[in-house]
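> For reference, the structure I am asking about is given below.
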Amino acid sequence: MAASVEQREDTIQVQGQALFFREARPGSGQAHFSVLLLHGIRFSSETWQNLGTLHQLAQAGYRAVAIDLPGLGRSKEAAAPAPIGELAPGSFLAAVVDALELGPPVVISPSLSGMYSLPFLTAPGSQLLGYVPVAPICTDKINAANYASVKTPALIVYGDQDPMGQTSFEHLKQLPNHRVLIMKGAGHPCYLDKPEEWHTGLLDFLQGLQ
């Protein structure tokens, strides 16, 4: 019998801005840990809802929370802490994690969201259980010493038809503790092109963190 899943939608206040989020969690028992899902510029938390990622994570025993980033989706009214393509302060995502009471989470970070996740990942004493970058932007804005200092396990994901995925990998491969999932025939939002492969690879990585 499939495990039951509880889902909800709400907003949180982060640094004076209202951010929308969707959450799925196991219907019974404790969640293993939290997974925070970010998104690219043409997407929102709805992407993870429609793809079934939130549901699959909750069924596997994780608390999955997808936010709409400032200025996008249903957080359109919120002011972003940095212009698009510039690194946001790591304190922004730290404040999101605090507001949602996630504990040390795994962060899934495609494309645009790299501007938020990379400063959080490389901040001294970063409370991050795992990192799943999917062809994120801003990888060239982090220096080698900062990459080398990251102890967080990472699963680097990209489609082999995505030049940006290859470019970001050239930087991300400096993370000392990483695995790579290259999706053949997939483009920039590779998780949309190959959802089954995405979910299998993601759940496998998360299981290794338990």
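FYI, residue positions are counted from 1 along the chain as it appears here.
Yeah, the Cβs are placed from backbone N, Cα and C, and that goes for glycine too.
Dumping what Swiss-Prot says about this protein:
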- Ala2: N-acetylalanine (MOD_RES)
- Ser91: phosphoserine (MOD_RES)
- Ser111: active site, charge relay system (ACT_SITE)
- Asp162: active site, charge relay system (ACT_SITE)
- His188: active site, charge relay system (ACT_SITE)
> How big is the Cα-to-Cα gap, in Å, between His188 (active site, charge relay system) and Asp162 (active site, charge relay system)?
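With distance taken Cα to Cα, Asp162 (active site, charge relay system) is 5 Å from His188 (active site, charge relay system).
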> According to DSSP, does Ser91 (phosphoserine) fall in a helix, a strand, or coil?
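Where Ser91 (phosphoserine) sits, the three-state DSSP reduction gives helix.
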> Just name the most isolated of the recorded positions Ser91, Ser111, going by other Cβ atoms within 10 Å of its Cβ.
Ser91
> Rounded to the nearest Å, what's the C-alpha distance separating Ser111 (active site, charge relay system) and Asp162 (active site, charge relay system)? Just drop the number here, would you?
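Cα to Cα, Ser111 (active site, charge relay system) and Asp162 (active site, charge relay system) are separated by 11 Å.
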> If you count the other Cβ atoms within 10 Å of each Cβ, which of the active-site residues Asp162, His188 comes out on top?
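Counting every other Cβ within 10 Å of each candidate, the maximum falls on Asp162.
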